[in-house]
Each structure stands twice: as C-alpha cells, then as structure tokens.
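Colleague: Sharing the record's features from TrEMBL:
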BINDING   Lys225  ATP binding site
COMPBIAS  12-24  compositional bias 'Polar residues'
COMPBIAS  25-36  compositional bias 'Low complexity'
COMPBIAS  44-84  compositional bias 'Low complexity'
COMPBIAS  85-98  compositional bias 'Acidic residues'
COMPBIAS  103-122  compositional bias 'Low complexity'
COMPBIAS  127-142  compositional bias 'Acidic residues'
COMPBIAS  143-156  compositional bias 'Basic and acidic residues'
COMPBIAS  157-178  compositional bias 'Acidic residues'
DOMAIN    196-450  domain 'Protein kinase'
DOMAIN    451-505  domain 'AGC-kinase C-terminal'
REGION    11-186  region 'Disordered'
Amino acid sequence: MSTATCARFCTPLSSGTAGSTSKLTTGNGSGNTMTSAYKKKIPSNNSTTANTANDSSNTETTFTFKLGRSNGRSSSNVASSESSDPLESDYSEEDPEQEQQRPDPVTNSRSSSTATTTTTSSADHDNDVDEEDEEDDEDEEEGNGRDADDVTHDSSESIEEDDGNETDDEEDDDESEESSSVQTAKGVRKYHLDDYQIIKTVGTGTFGRVCLCRDRISEKYCAMKILAMTEVIRLKQIEHVKNERNILREIRHPFVISLEWSTKDDSNLYMIFDYVCGGELFTYLRNAGKFTSQTSNFYAAEIVSALEYLHSLQIVYRDLKPENLLINRDGHLKITDFGFAKKLRDRTWTLCGTPEYIAPEIIQSKGHNKAVDWWALGVLIYEMLVGYPPFYDEQPFGIYEKILSGKIEWERHMDPIAKDLIKKLLVNDRTKRLGNMKNGADDVKRHRWFKHLNWNDVYSKKLKPPILPDVHHDGDTKNFDDYPEKDWKPAKAVDQRDLQYFNDF
Ligand SMILES: Nc1ncnc2c1ncn2[C@@H]1O[C@H](COP(=O)(O)OP(=O)(O)OP(=O)(O)O)[C@@H](O)[C@H]1O
C-alpha cells in the first residue's frame with residue numbers, strides 16, 4: 001500500500017470511542033452522511049510521500065492485526081485501549097489468553113483458545129477440522145432484493161477458531177533454510193537469499209517492507225516482502241503469516257500475485273513475488289476521482305474470476321480493496337496481500353479486514369465465510385464508480401453502524417445496472433447475497449452488468465485494459481512512493497525458541 005493510502009482513513013488512535021464494546025447491534029444507522037469529510041482527505045495526486053508517512057495523526061485502522069498500516073505502513077501500532085476501533089479494543093482484551101495459547105513451539109500443536117469474537121455457540125474445534133461442511137447458506141432460496149434489515153443470527157453452527165496463532169493444516173516443509181532447492185520450469189534451482197539484489201523499498205506493511213529486487217540468476221525483477229519475526233510474534237500473527245505463505249504456494253491464477261520462493265533467516269521471513277510495476281489501483285482511482293462503468297467493469301470482472309478460483313479452493317481472501325490490487329505492466333490486475341486469506345472448512349471468526357470493506361456478519365461476530373468477499377466486491381464496485389466507499393465515517397464505530405444500517409446513498413447518474421449488482425452484493429443477509437447462493441460465483445457472472453463478457457476471454461486476458469501504466473521498464477518504480485531507505489534498521493534476531501514457531505516456513 002502506498003503512503004497515498006494514508007488519506008483513506010484519518011482515525012487518530014487516541015480519539016473517539018475508545019473502549020467501546022464490540023457488541024454492535026443492528027443499528028439505528030445514521031445513514032450515509034458521507035462525504036465532504038471523506039473527499040477532503042483524498043489526495044489530489046500521488047505525491048504524498050515522506051511527510052505523510054511520518055504523520056502519526058493519520059491512521060488507517062484495520063481490525064485486529066493490521067493496525068497503523070497507513071502511516072507509511074511502517075509503524076506497527078498495535079491495538080490498545082487507546083484505539084478508536086471498538087473491535088480492536090475487544091480484541092485486545094483477549095490478548096493475555098492468546099499469549100498463553102500460542103502454539104507450542106516444539107510441537108506446533110493446534111491452539112485450543114476460543115474465538116476472539118463474541119459468539120453464542122461453542123463447538124469441538126478439533127472435530128471441525130476434518131469436516132467439509134456445506135454452507136447452510138447454499139440451501140437458501142435465491143433472493144434478488146436487498147434485505148438490509150434481515151439479519152439472521154445463526155449461532156448454532158460449529159466454529160472454526162482463528163485467533164491468528166492456531167495451527168492450520170500446513171504441509172510439512174523442509175524448505176526452511178536460507179537456501180533451498182526448488183523444481184522450476186527450467187529444472188531444479190537452488191535458491192539463496194544472496195541471489196537477490198535489493199534495489200528499493202516500494203511498500204511498507206505492518207511487519208516490514210516490500211522491496212524491488214533483482215534476481216541475479218534470472219535477471220528478473222521481483223518484489224521481496226520482508227517480515228520481521230519479532231513483529232510477527234509480537235502482533236500474534238504467526239499463523240496468519242504461515243497461512244499467507246501456504247495459500248500463496250497453492251494458488252496460481254492470472255489475476256493473483258505469484259509467489260516464487262520463500263525463506264527465512266534468524267530475523268526475517270522473506271517472500272519473493274513477481275514485481276508488479278504499475279502500482280496500486282488505489283492510486284489510479286484517487287487520481288481519476290472515479291472510474292467509468294466500463295473501467296470498473298473490467299477490474300470487477302478480473303476480481304470475480306480470481307474470487308471464483310480462490311473460493312473453488314475454499315480460500316476466502318478477506319482483504320479486497322483497491323490498495324491490494326496492483327496493476328501489471330500489461331494493465332491487468334494482480335491481487336496481492338494474502339495476509340488475511342484463510343483456507344475454510346466452515347466459518348471463521350477472526351475480526352479482520354479494513355473497516356470500510358468488512359461485511360456485517362464480521363462486525364456482528366456471527367462467523368463468516370466466502371460471502372465476505374462478495375460483500376467487499378460490492379463495496380469495491382461502488383468505490384470505483386463513485387470515488388469513495390458506500391459506508392464511511394471518521395470513526396470505525398460509525399462505519400460499522402452504517403454498514404449494519406444497510407443504508408446506501410446512490411449517485412443520481414449511476415449506471416443502473418451496476419447499481420443493481422451492487423445492491424445484490426451489499427445484502428446484509430448473506431444467505432441472500434449474490435455469489436453466496438447455490439449457484440455461487442455463476443450468479444455474479446451472469447448478472448446483466450457482465451452480460452457482454454466472455455468469461456474465458458476474461459481469464460485469458462483478452463479484454464483490453466482501460467489503463468496502461470506509464471512505465472519504462474519492468475523494474476520501474478515510478479508508480480510507487482519513495483520511502484527513506486535509511487529508516488530501516490536491521491530486525492533483531494529472534495531466539496531459538498521463537499525461531500521454532502517458523503520451523504515450517
Ligand atoms: N509483488 C509486488 N509488486 C510490487 N509491489 C508490491 C508487491 N507486493 C506488494 N507490493 C507493494 O507493497 C505494499 C505492501 O505489500 P503487502 O500489502 O503485501 O504488505 P503487508 O505487510 O501485508 O501490508 P499490510 O500490513 O498493510 O497488509 C503493497 O500495497 C504494494 O504497494
């Protein structure tokens with residue numbers, strides 16, 4: 001995420017509804033009074049750089065773990081009692097328990113902690129693991145209308161806990177050294193960290209940074225995501241990071257970032273990706289103000305294709321937003337940041353996402369599934385067409401209220417067919433949400449807004465991209481903000497005990 005992203009959220013950590021409970025109820029939603037407040041925080045161009053990065057008054061607040069990510073992504077402000085996000089406050093109450101229930105570093109056994117959210121059911125989590133539960137949602141009748149008030153409380157199903165530190169079904173993996181041999185299309189390659197020449201930081205995140213680098217062997221440019229293990233441990237993200245790596249290793253899709261290799265040393269975890277030189281869709285959207293229906297349709301189609309693929313593997317992405325959509329040199333999308341992605345068996349309960357994009361069932365701690373990605377798609381299409389998200393407030397609490405209220409303000413001249421799709425995606429009752437009914441993604445693909453599309457052509461990148469990034473070569477960094485390189489201090493080495501948490505990374 002570029003520092004331009006800071007402008008998205010301006011929630012001072014110390015202000016507002018500190019200590020608020022997370023037990024939100026369906027709201028007396030104040031409707032969407034957006035918007036001058038939001039608009040004035042949108043940068044007029046992409047030139048926000050170091051100043052913004054160091055301005056601690058602007059904080060994008062993300063549930064649970066990805067806190068403080070907007071400040072140049074370098075400050076890992078953890079949720080605290082000062083947080084203005086009620087769900088963060090709720091989460092931090094759970095910290096001591098989670099600390100104790102971190103998986104044993106030696107056995108790496110599954111945590112037995114309870115879900116961090118407010119739930120009304122309990123279940124044998126171990127039993128959940130092997131069950132491939134069909135979504136009860138899929139038995140529901142398809143509903144076409146928006147039913148914002150119909151919020152079901154389905155609390156009797158089994159819960160898959162997800163406290164960020166549970167042990168998932170990870171493959172055993174010996175590739176945990178700084179070098180490892182990997183079978184590639186051109187034969188076996190022995191990878192080593194020294195193969196990569198770091199050129200420049202292009203992004204920052206909660207635990208570290210993403211650098212452009214050059215593979216000295218293939219001479220290809222790549223992006224190296226460097227995560228400080230001390231931060232991953234401190235923020236209790238061990239399992240989320242391992243999930244991210246494991247899921248990325250499993251997937252291959254034209255619109256999803258490709259993981260080339262991953263490794264670690266005694267301080268950092270490293271993931272090597274294709275370098276996507278066009279930068280974030282977020283930047284293009286803010287510079288344009290809003291996209292035409294045609295442009296939005298193009299990006300939405302590529303996302304639908306990717307979501308359909310991920311969901312077919314029972315992977316829920318959970319972090320769809322323009323900051324996580326990169327534009328490749330050819331103008332096609334690459335979804336990045338699988339830090340919240342999760343392989344589902346039933347429902348999961350972690351409070352995660354970015355306030356504007358989270359689905360009502362996450363706020364209500366009802367357990368959630370792939371339906372949250374379809375909700376986020378509705379938010380994204382709205383944001384592309386209108387220029388700002390449908391639910392916005394200065395405070396996360398206000399955003400949640402608006403999401404739960406189900407009220408959306410519509411622009412008068414909005415494409416009515418796109419509006420119809422958004423309405424069917426932004427249905428509070430997930431059993432009636434397009435994409436989450438018995439025909440799955442097909443319902444979305446068959447919507448009139450996509451009627452003109454041949455979905456094989458979408459997958460094969462045969463559609464003409466509406467934007468071609470201005471880049472001179474594959475390693476061009478002009479579409480990313482500048483980050484002061486001297487700010488980076490080497491991460492502290494972790495001790496042997498902590499290193500074992502990452503044995504299978
Ligand atoms: N493959 C890539 N090519 C080019 N830039 C990238 C790539 N991957 C990530 N970036 C840049 O780095 C930023 C941070 O990456 P990413 O979101 O994966 O890190 P993160 O640590 O998970 O961040 P956060 O804590 O905000 O979720 C991205 O928003 C993007 O601007």
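Note that Cβ sites are derived from N, Cα and C of the backbone, with glycine treated the same way.
As the structure is a computational prediction, the values presented were derived from the model and not from experiment.
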Colleague: Within the chain of the residue listed as 'ATP binding site', which residues six or more apart in sequence place their C-beta under 8 angstroms from its C-beta?
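Modeller: In sequence order, Gly205, Gly208, Arg209, Val210, Tyr270, Met271, Ile272, Phe273 meet the Cβ cut-off.
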Colleague: What does the DSSP secondary structure composition of the domain 'AGC-kinase C-terminal' (451-505) look like, as residue counts for helix, strand and coil?
Modeller: 15 helix, 0 strand, 40 coil
Colleague: Across the domain 'AGC-kinase C-terminal' (451-505), what does the pLDDT come to on average, as a whole number?
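Modeller: Within the domain 'AGC-kinase C-terminal' (451-505), the model's average pLDDT equals 93.
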